[in-house]
């Protein structure tokens, strides 16, 4: 990465020295609280039989939250110090480690988003054939592979940065010569941004094309069923992937502009650099907001963290289990085998059977639109 990333142009009393700590403090607090709540939601124990098993999407979201939390905890405070202070105060080891963690977590996030997009594509395009592949065990193996690849791609950054003396000050700056730095920065853009974004775009694009490829009324009904099958989780992960592309795009564009364009050192270019970093770092605190807004399932699980939410959920599932105990096991009305009943109908006991004291007969009765 370019030298300009790690040399502050502002003095401690300037506007930048005041604004940067405030912006980074907000990113730090929101990211810690938001991703901490995501971990709490996904790691909450299953005290009863109605707790659903952890899905592959849950495991990938959990991995994203871990990567974001590591980034915010280990990187954001030190980057704020780089922008605020005139010198690097933490030594050569921390200088190398912080920048290694920045790229390690960036690669982990981008590769995880690519894995999620492929998982969603298989779930929609090949729901039956991919069932044996899309298991929690294989998802954990995929997460391990993501971190292994992230470690391999980010390993060069352990020697990329170092500390140098500049008069009486010690600075944390790139230590490689320009040719090697340019090659690594371009490789990081290609492998850590361009390739994952291309995979995500292709996977979600093919998924959407498949969902909307309906011919005739039967095809439209099948497409609608498939769209419902994707659920809000798929839309939430699509929003997360789009946010990643939008937040990290200016950061990589600025680096490429530095190497291949005209990048004069000025307050304007410094402001662009600062804005691109703030936008990239803010990506780690925006994902929990997307989950809470786009996923009704996530909000329901979040409410279970609190005593009142657990009581409501337990009461709901007790009623659901009671209904299932009286539900026929094998047949429904003509044309709706098993439990495949049309929306707007419910299983209810006939009132005359209850009044007569005889055997309860279950019939389908209209509930009205939902």
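For all residues, glycine too, the Cβ spot is worked out from N, Cα and C.
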Membrane topology agreement for residue 57 and residue 213 per Swiss-Prot: yes
Swiss-Prot annotation of transmembrane segment - which of the ranges 21-41, 210-230 it falls on: 21-41
Annotated transmembrane segment segment (source Swiss-Prot; candidates 237-257, 300-320): 237-257
Proximity verdict for the transmembrane segment (139-159) and the transmembrane segment (58-78), three or more C-beta pairs under 8 Å: yes
All-chain count of other Cβ atoms within 10 Å of residue 172 (disulfide bond): 26
Other parts of the chain folded back onto the transmembrane segment (21-41), taken as Cβ under 8 Å at six or more residues beyond its ends: 61-62, 65-66, 68-69, 71-73, 76-77, 79-80, 83-84, 278, 281-282, 284-285, 287-289, 291, 298, 301-302, 304-305
Same-chain residues at least 6 beyond the ends of the transmembrane segment (185-205) whose Cβ lies under 8 Å from its Cβ atoms: 1-2, 103, 106-107, 110-111, 113-114, 117-118, 120-121, 153, 238, 241, 244-245, 248-249, 252, 255-256, 259
